[in-house]
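First up is the structure itself, then whatever we jot down about it.
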Amino acid sequence: MPKKDQKNPSGSISPDSDTKPKLSFKERLEAFKNLPRFFKMIWETSRSMTLGNVLLRIIKAAIPVVMLWVGKLIIDEIIFQIDNPAHDFSMIWIYLAMEFGLAIISDLINRGITLLDGQLGDLFSNKTSVKLIHHAASLDLHQFEDSEFYDKLERARRQTTSRTVLMSQVLTQVQDIITIAFFAVGIIAFKPILIVILIIAIIPSFLGETHFSEASYSLTRSWTPQRRELDYLRFIGASDQTAKEVKIFGLAGFISDRFKRLADQYYEANRKLAIKRAFWGSLLAIIGTGAYYGAYVFIAMDTVEGKISVGQLTFLAGSFLQMRNMLQSIMNRFSQIAESALYLQDLFDFFEIKPDIRQADSGLPIPNPIKRGFTFENVGFQYRGSENWSLRHLSFHLDVGEKLALVGENGAGKTTLVKLLARLYEPTEGRILLDGHDLRDYKLDELRKNVSIIFQDYMKFQLEARENIAVGDIEGIENQEHIETSAGKSLADTVIEKLPGKYQQMLGKRFLGGVELSGGEWQKIALARAYMGNAQLMILDEPTSALDARAENEVFIRFAELMQGKTAVLISHRFSTVRMADRILFLENGQLLELGSHEELMELDGKYAGLFKLQAKGYV
Ligand SMILES: Nc1ncnc2c1ncn2[C@@H]1O[C@H](COP(=O)(O)OP(=O)(O)OP(=O)(O)O)[C@@H](O)[C@H]1O
């Protein structure tokens, strides 16, 4: 069942709190299991860059502790030379040169890492987006009609670009852990107690961070439907497609009020959490700072008592401070990584969604030519989540070479019927046969190639004119001659001739230099798609509703000529068009009411004849 936004009694929209209950620590840890898969994807994106990145980070990990150690040597040497009457500077120069060299190497490595992170991130994001497009295309139409699915899609889409940060987070984490291990060795060698103090200092703030990132993830996730609605409101409030109606109906206030109400609620929920997080974060950080100065007292006393040198004091104090900062960021990053890994789950979840309508493993090839045609056997269809039958008890045969017109009132089930023919949906009951075999037994991709549908709500792609036609058979996109022939057949050629860029003209106003077409002009372009492919069954769903009477007549005369011997289904509300068909199927409430040629149905004097006469008089 599509999940509706929940409304509380006061009418305000509340987050979908049951989408995901609060996550336990265990669940958060479990999210880490996504990391290997994530890194596998990164590795597959570019092996050399991943390897280079890791190597640079390993080198980088050792640099801070080496620098600090050289710093210790410099100070001890200086103090030694102060007491040495000869003032031998040679070792000091060497140590300083080493420190300088290390600083330069560190800087270069940093830049290398940033560069590789950026490049890998971009490549990863591109690759995931491509995968997302392909996966979304493999899913069923009914999945797109489910609001929960949309939420998943939305979350996944966000992940394709934002998850690249996760990669550098994890790698930096590993790098910092190695550095800390180096520091720890140094500290343990001189003053093991410091490590204990350090851990005590860090734990509270780690727990705090973990708690708040968990809360933040739950909040973001539970608000997905509302954020989607916010995006939608932003879109309808400011887009080329809606601008006309927003102006004419004066909808700006309505849309912005609705946006504001929802955005304020989200802001409020976020704000509370952000304030709490800031408060507790600062408090817990004070504990860490206190521990640092506590440790300082220990080392200072040891130095004064002569147990360690001044150089060791700077080394230990420096190590402790850097370790503390690093541990703090490791802990914080740990919860960020856990959070990111949870979001990653959304991406993987989306990739896990499988279509119901799949190609049979050893699917039959579509017969060429089709010999007997399509047979509906007691077909019934219900959309998911709907109680009503959009089609019921439908039995008829569509012969090869036949031109069948589907007529019926709005919502009678005409479009649904043709969607079933292309297996965009499966019948809920009964079956559809092609040359005696169930449609499900055929290869799905071949079926789709052989059943071409131009929908009434066809897509106006903001692409070039030639591309808008080529989408009918995208493999033919480079075949300009074929594109032009198809345009000629649908009368789109006359439209394109008038465009400044001709076939290369960008259509729609979204991109630079684009030209908008009239409804009828768009329809002629869309109609040309039907002539691009080599489908054996051609379906036109109200393809001429926006054409003027003369153009419509011409389109149909051509269509009839061009479809000689081919099977075609035509949906139209204009009976002057419909009568050209060999047979007419009259649907009412999803059921077959009348079926026969124009003459037969007129003779029957039923619903069809009644409506035909009404239209002839000019009433409908
Ligand atoms: N995606 C969908 N989900 C749920 N119900 C749907 C969906 N699409 C259509 N319906 C319902 O199925 C019924 C048949 O719709 P269909 O689009 O097939 O009618 P139609 O005869 O093509 O209508 P029209 O002449 O208005 O184009 C309608 O009652 C409609 O509300």
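Cβ coordinates are placed from backbone N, Cα and C, and glycine is handled just like the others.
Where the annotation comes from TrEMBL, it is an automatic prediction and has not been curated.
Taken from TrEMBL as is:
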- 1-21: region 'Disordered' (REGION)
- 50-70: transmembrane segment (TRANSMEM)
- 54-339: domain 'ABC transmembrane type-1' (DOMAIN)
- 90-109: transmembrane segment (TRANSMEM)
- 177-203: transmembrane segment (TRANSMEM)
- 278-299: transmembrane segment (TRANSMEM)
- 374-614: domain 'ABC transporter' (DOMAIN)
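Nonlocal intrachain contacts for the transmembrane segment (177-203), taken as residues 6+ away from its ends with a CB within less than 8 angstroms of a stretch CB, comprise 58, 61-62, 64-65, 68-69, 287-288, 290-292, 294-295, 298-299, 302, 308, 312, 315-316, 319-320, 322-324, 326-328, 330-331.
Residues of the same chain lying 6 or more positions beyond the ends of the transmembrane segment (50-70) and with a Cβ under 8 Å from any Cβ of it are 39, 42-43, 95, 98-99, 102-103, 105-106, 109-110, 112-113, 116-117, 120, 171-172, 174-176, 178-179, 182-183, 186, 314-315, 318-319, 322.
A mean pLDDT of 90 is what the model gives for the domain 'ABC transporter' (374-614).
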